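K.L.:
Pasting a structure below so you can have a look.
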Amino acid sequence: MPEPGKRPVSAFTKKPRSVEVTAGSAAVFEAETERSGLKVQWQRDGSDIAANDKYGLAAEGKRHTLTVRDVGPDDQGSYAVIAGSSKVKFDLKVTEPAPPEKAESAVAPTSMEAPETPKEVPALATQLEGNVSSPEGSVSVTQDGSVAGSQGAPDDPIGLFLMRPQDGEVTVGGSIVFSARVAGASLLKPPVVKWFKGKWVDLSSKVGQHLQLHDSYDRASKVYLFELHITDAQATSAGGYRCEVSTKDKFDSCNFNLTVHEAIGSGDLDLRSAFRRTSLAGTGRRTSDSHEDAGTLDFSSLLKKSSFRRDSKLEAPAEEDVWEILRQAPPSEYERIAFQHGVTDLRGMLKRLKGMKHDEKKSTAFQKKLEPAYQVNKGHKIRLTVELADPDAEVKWLKNGQEIQMSGRYIFESIGAKRTLTISQCSLADDAAYQCVVGGEKCSTELFVKEPPVLITRSLEDQLVMVGQRVEFECEVSEEGAQVKWLKDGVELTREETFKYRFKKDGRKHHLIINEATLEDAGHYAVRTSGGQALAELIVQEKKLEVYQSIADLAVGAKDQAVFKCEVSDENVRGVWLKNGKELVPDNRIKVSHIGRVHKLTIDDVTPADEADYSFVPEGFACNLSAKLHFMEVKIDFVPRQEPPKIHLDCPGSTPDTIVVVAGNKLRLDVPISGDPAPTVIWQKTITQGKKASAGPPPGAPEDAGADEEWVFDKKLLCETEGRVRVETTKDRSVFTVEGAEKEDEGVYTVTVKNPVGEDQVNLTVKVIDVPDAPAAPKISNVGEDSCIVQWEPPAYDGGQPVLGYILERKKKKSYRWMRLNFDLLRELSHEARRMIEGVAYEMRVYAVNAVGMSRPSPASQPFMPIGPPGEPTHLTVEDVSDTTVSLKWRPPERVGAGGLDGYSVEYCQEGCSEWVTALQGLTERTSLLVKDLPTGARLLFRVRAHNVAGPGGPIITKEPVTVQEILQRPRLQLPRHLRQTIQKKVGEPVNLLIPFQGKPRPQVTWTKEGQPLAGEEVSIRNSPTDTILFIRAAHRTHSGTYQVTVRIENMEDKATLVLQIVDKPSPPLDIRVVETWGFSVALEWKPPQDDGNTEIWGYTVQKADKKTMEWFTVLEHYRQTHCVVSELIIGNGYYFRVFSHNMVGSSDRAAATKEPIFIPRPGITYEPPKYKALDFSEAPSFTQPLTNRSIIAGYNAILCCAVRGSPKPKISWFKNGLDLGEDARFRMFCKQGVLTLEIRKPCPYDGGVYVCRATNLQGEAQCECRLEVRVPQ
């Protein structure tokens, strides 16, 4: 079955064959055409055959028959049948009748030997079934099972087959050979033959032990022989086969069947097998037992077998063209169609279907269709343009099958034959399929709207939380509704069943929320968009309570107020107050408060029963804050009047205790006094210490008593009763109060009581402690890939208490959130910070902590960026070595890092030495280097390191030492693969042939052409140390030839040959002539062109032109032969023919054309028209409708019309007031069927006047005139 995509070779589907008949009998020739109704002519020796007593002509649909009755020696000769442009020739041979005795003797032995051979038992069964004799030319099975064709089989002079494979039969286990012969005299290349079983199975993929394909070529007869060998045949080998032969421009195929019989012994012949029904009538194949009839045998089927065979072939329905069905079906239907038609080799079917040519129907409505797809950025404009064949055609634009209406965003444009759809401000809703419909045709395209990358405008912030706290990461992107992905340590986060992660969108803001953080949630979190990503670190710490301010011991008197206050790090922590280990229950006098991080216990009207140990225990933490309340009891003793004043304190006056107060707290000194009369209390503060002076011993003192040393102080009197520092005095006590103690309040306070009886004095030392001052800005050093060293100095003032440690914080430079790096206080003045993100700028600050609390933060450090050194370079190789140089080459490191690469350093050292010498001052950005000035013969090791702002990375070292010495390398040409075959270039094209070579030292390069050195300015040679180039700027035919390049080093050389072929367009064919004309066809012949353009002629293009119109139409394209038949011409017309030649460059510039027209005569009597005297139709011009006076309005187009007749057609001229209007662009002149029109565009009053129309031809001249008045509108 021929491939659907190929043009049929002949108009006949069945061709008449040459026959040999006995004299006196009848000869019948049959032919079948492609379609019914096609006119068929029979000829003998070039003369048409008409129906008479000798010849019988019959036509039935597509079937045409020629019968030659009572054949005699005179009837022997050449016959032909013509249908359309196809002509088939065949021969009739007449032989004398053979003696009847020889025929009987030839038949008798065959019938007697038939039952003796076991292999011929199936033939007996065939005879029992009523099988007819095999047709002429069929194959037969020999003793060894081979198939031999009939010696009398005629050759087919039209098809490609000289001998076609015939149907055959074989017994199970036997062998059979099918042969096909193809004539090769007219073929330029060997034909391609394929063997198929069924419709699809290509037997070339089944070649093995039981199936082999052979081919041979007989040079004497120029005949190709192709054979299909089937050995050890099985029942599965039976079926229909097909042989296909194809050349470059022809194709032919032949179907044949193979019947496989079961092996049956001579004594086991079962006559019942002759009456079993088979699945395929007439094929002789035995079916399975499931197809046999149960019950009695039907002997009538045996008698009707032969007739059923003959009728089944005639009544079989026409076979469906499966190729055409598959071509029109979608790929999803391939499997169903293959199943319906019994196709099992789906892979072979798809392979063959893919190789078929798809004949696309050329559009008649569109000259230029839409592209398959368009792409546009979101918010931009797109134009979809088509070009129509009819400029006046109406178009409709569809979007997803719905018609588009014109609006502000959709604009339709029509410019000539172009139709344009413009879509402005494209959005994602415009991403759809679009169609342009013109009448019944349409072209489709698809528009893809590309969104711009979504950028992150505000990055994520690092966070430090405790276990159980809520975490929320927030970022802001450039587009609302953008899709983002959240990742943790590189793994995408999803909404789990526990809803651990919650994602929130608010306009351009995106949030990742973790309700209760756990230790497993710590890590690096990232948000990723189409335009980038942002990273942040989450640190989760276990809860650890810190005490910023502990409770202190108190000493109060009766009826006073006692306040215990402490401050912890967590404001959500609650606690319990204990008194001597028992929980304290609040009442009207005892109050407990919790405000933020401050817990306070207040006791009003202190009594002696309140003196005890008080403790605060935070809930959930193993922590206990304790303090003691001292009750100062005032004892009232009876004293006589005139009692000297006395200050009653627990501490002796000579060595007073230091009273410590925290800055910002309230200081209250309650000093009990006594004396009668009531003493005067004086409070003083020592502000300046003077020089000490020596004093002699008091009078009456012992001699050995040493001199007392006294200090002289400048004292400040404190007597204010209101304000921050105040003194309140009653009869029995004096109270000194300082609100919000400050550092300036620190010092020695003197209390003096006086009355007439005497005085008493006590010194009280007050020390104010505070948080330390803020340390100086920390310094950053040793910055690594994800770590750095932070160093700082102690604070200038420690707050009066030793510094217990330091707290370190960091933040990203563009962020506002500081993240704490340590919970345990740092005792040292340096710390190594880790877990930073490479390439992100950070800042550091530090806090100092003492017993009072934490200082203010230090100024931020200078911004720094963690950057690690790059990795080591890879693939370090030695490219070349000379006596003093070594060429190195390497690749960049696999890990570059955020710091990029500043360059590479190269070093070398002697083998066995550890001292590396720099080979290059500074860094090189290239990945190769030529190290010069090396000692000859030295064995050196080389290493390369990559550098960036973080410093050098790891080195890569050559595996073995390199000997610095020139290596003698044999010259060798490395000819590229595409230069090993003939190099074809078109005339005028540049030629650039680059040939690499090897060899050391540098070889000498020599070019020659046809054995002669190259000369001339048009050919230039360029040589380098590694290659040579042959360059021709503009190629000419003279540059064709054989070029040889030679590389030589001393007595060693290597050669390569290149064949350059410069090709051009061929010259036109020669000597075109008309060989024969018959019916509606003309046979042409020509000779190949004299100049083939220096390349093979690919074919010819044949064109025809009617003598009347001289419009050329292509009849044949890429036609290989030098003769052809042009058919389907019109009777009575004359035609010119011309032929172009083609090669790989193109078609010839000129064509070979017939000089005289070829007329297609009408069959039958030739009509001779009567001769008449020619009439003279010439006539002088005359106006049948003259011009009329008109009055028009200015600004509106006006038309002047008249009608003229004349022969030949007169020349028309228009005048205004005697001036010719032919070159004035404001006037348009028309002439159609004798009607003359003058159009005046937007006339003005100046256009008024007398207009004249003049008509002139060879016979005379005529003119008419009118007056035109142009009125101005009022």
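Every residue, even glycine, has its Cβ placed from backbone N, Cα and C.
Pulled the feature table from Swiss-Prot, pasting it below:
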MOD_RES   M1  N-acetylmethionine
MOD_RES   S47  phosphoserine
MOD_RES   T117  phosphothreonine
COMPBIAS  128-149  compositional bias 'Polar residues'
DOMAIN    157-259  domain 'Ig-like C2-type 2'
BINDING   Q212, H214, E227, H229  Zn(2+) binding site
MOD_RES   S279  phosphoserine
MOD_RES   T287  phosphothreonine
MOD_RES   S288  phosphoserine
MOD_RES   S312  phosphoserine
MOD_RES   S427  phosphoserine
MOD_RES   S459  phosphoserine
MOD_RES   S550  phosphoserine
MOD_RES   T607  phosphothreonine
DOMAIN    774-870  domain 'Fibronectin type-III 1'
DOMAIN    872-967  domain 'Fibronectin type-III 2'
DOMAIN    1181-1269  domain 'Ig-like C2-type 7'
MOD_RES   R1241  omega-N-methylarginine
K.L.:
Across the domain 'Fibronectin type-III 2' (872-967), what does the mean pLDDT come to, as a whole number?
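P.N.:
Mean model confidence (pLDDT) across the domain 'Fibronectin type-III 2' (872-967) is 90.
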K.L.:
Using a 10 Å radius around each Cβ and all protein chains in view, which of these modified residues has the most neighbours: S459, T607?
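P.N.:
Per the Cβ count within 10 Å, the most buried is S459.
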K.L.:
When the Cα of T607 (phosphothreonine) is compared with the Cα of each of the binding-site residues Q212, H214, E227, H229, which one is closest?
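P.N.:
For T607 (phosphothreonine), the closest Cα among Q212, H214, E227, H229 is found at Q212.
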K.L.:
Find, for the listed recorded positions S47, Q212, S427, the residue with the lowest Cβ contact count at a 10 Å cut-off, counting only other Cβ atoms.
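P.N.:
Fewest other Cβ atoms within 10 Å, among the recorded positions S47, Q212, S427, is found for S47.
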K.L.:
In terms of DSSP three-state secondary structure, what is the assignment for the residue listed as 'omega-N-methylarginine'?
P.N.:
coil
K.L.:
Could you count the residues of the domain 'Fibronectin type-III 1' (774-870) that DSSP puts in helix, in strand and in coil?
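P.N.:
Tallying H, G and I as helix, E and B as strand, the rest coil: 0 helix, 32 strand, 65 coil.
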K.L.:
For the domain 'Ig-like C2-type 7' (1181-1269), DSSP counts of helix, strand and coil?
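P.N.:
The counts are 3 helix, 58 strand, 28 coil.
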K.L.:
Does anything in the same chain, at least 6 positions from S550 (phosphoserine), have a Cβ under 8 Å from its Cβ, and if so what?
P.N.:
C566, L625, A627, A851
K.L.:
Between the Cα atoms of S459 (phosphoserine) and H229 (Zn(2+) binding site), find the distance and write it as a whole number of Å.
P.N.:
78
K.L.:
For S47 (phosphoserine) and E227 (Zn(2+) binding site), determine the Cα separation and express it in whole Å.
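P.N.:
Pair distance, Cα basis, whole Å: 41 Å.
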K.L.:
Other than its own, how many Cβ atoms are within 10 Å of the Cβ belonging to H229 (Zn(2+) binding site)?
P.N.:
16
K.L.:
Just to verify a number: CA distance, H214 (Zn(2+) binding site) to R1241 (omega-N-methylarginine), in angstrom, no decimals.
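P.N.:
H214 (Zn(2+) binding site) to R1241 (omega-N-methylarginine), Cα-Cα distance: 85 Å.
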K.L.:
So among Q212, E227, H229, all listed as binding-site residues, which is physically nearest to S427 (phosphoserine)? Use the C-alpha atoms.
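P.N.:
Smallest Cα separation from S427 (phosphoserine) among Q212, E227, H229: Q212.
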K.L.:
Round to the nearest Å and give the CA-to-CA distance linking H229 (Zn(2+) binding site) with R1241 (omega-N-methylarginine).
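P.N.:
Computed Cα spacing between H229 (Zn(2+) binding site) and R1241 (omega-N-methylarginine) is 88 Å.
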K.L.:
Tell me the Cα distance separating R1241 (omega-N-methylarginine) from E227 (Zn(2+) binding site), rounded to the nearest angstrom.
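P.N.:
Roughly 84 Å, rounded to the nearest whole number.
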K.L.:
Other than Q212, H214, E227, H229 themselves, what residues in this chain have Cβ atoms within 8 Å of the centroid of the Zn(2+) site's Cβ atoms?
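P.N.:
Here the nearby residues are V177, L213, L228.
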K.L.:
I'd like the Cβ neighbour count for H214 (Zn(2+) binding site), meaning other Cβ atoms within 10 Å of its Cβ, all protein chains included.
P.N.:
11
K.L.:
Is it possible to get the count of other C-beta atoms within 10 angstroms of the C-beta of R1241 (omega-N-methylarginine)?
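P.N.:
So the number of other Cβ atoms within 10 Å of R1241 (omega-N-methylarginine) is 12.
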K.L.:
Run through the Cβ atoms and count how many others sit within 10 Å of the one on E227 (Zn(2+) binding site).
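P.N.:
A count of 18.
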K.L.:
Rounded to an integer, what is the Cα-Cα distance in Å between the residue listed as 'omega-N-methylarginine' and Q212 (Zn(2+) binding site)?
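P.N.:
One finds 87 Å between the Cα atoms of these residues.
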